[in-house]
Amino acid sequence: QVEGVVTLSQEDNGPTTVKVRLTGLTPGKHGFHLHEFGDTTNGCMSTGSHFNPKKLTHGAPEDDVRHAGDLGNIVAGSDGVAEATIVDNQIPLSGPDSVIGRALVVHELEDDLGKGGHELSLTTGNAGGRLACGVVGLTPI
């Protein structure tokens, strides 16, 4: 079972820092995305598509053309643990494109970052099924 904690923080209008620690993953790369809905009534399937307010195609976190929710891959070691710190400018915690109330999803496969040539590369990165998800909420600091 995949479980863990992901913490998002942002100072003023700066980038958002995402700290990830997940356990129970298969070793290797796993797509990690912010999805549009914080709805887990049907498990992770009801979180919708990648958060994409600019209506662009899927890409890598460093690409100009990408979904705002495209956070790339996290890497699990042989122990199934993935730890990462992601700093991103497209997932603010306030304003019209705030990600609070949306969902983070870890996928079963590696995200090809839109460059794999698969029919799903430009929409999902061909990252496979949804292993685990959580809604971005507010907690005291």
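Glycine residues also receive a Cβ, built from the backbone N, Cα and C atoms like all the rest.
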From His50, His118, the one annotated by Swiss-Prot with His33, His35, His107 for Cu cation: His50
Of the recorded positions listed as Cys44, His58, Asp70, the one whose CA lies nearest the CA of His33 (Cu cation binding site): Asp70
Inter-residue Cα distance where the pair is Cys133 (disulfide bond) and His107 (Cu cation binding site), in Å: 9
Cβ-based neighbourhood (8 Å from the centroid) of the Zn(2+) site, residues His50, His58, His67, Asp70 excluded: His33, Phe51, Asn52, Leu56, Thr57, Gly59, Arg66, Ala68, Gly69, Gly114, Thr123, Thr124, Gly125
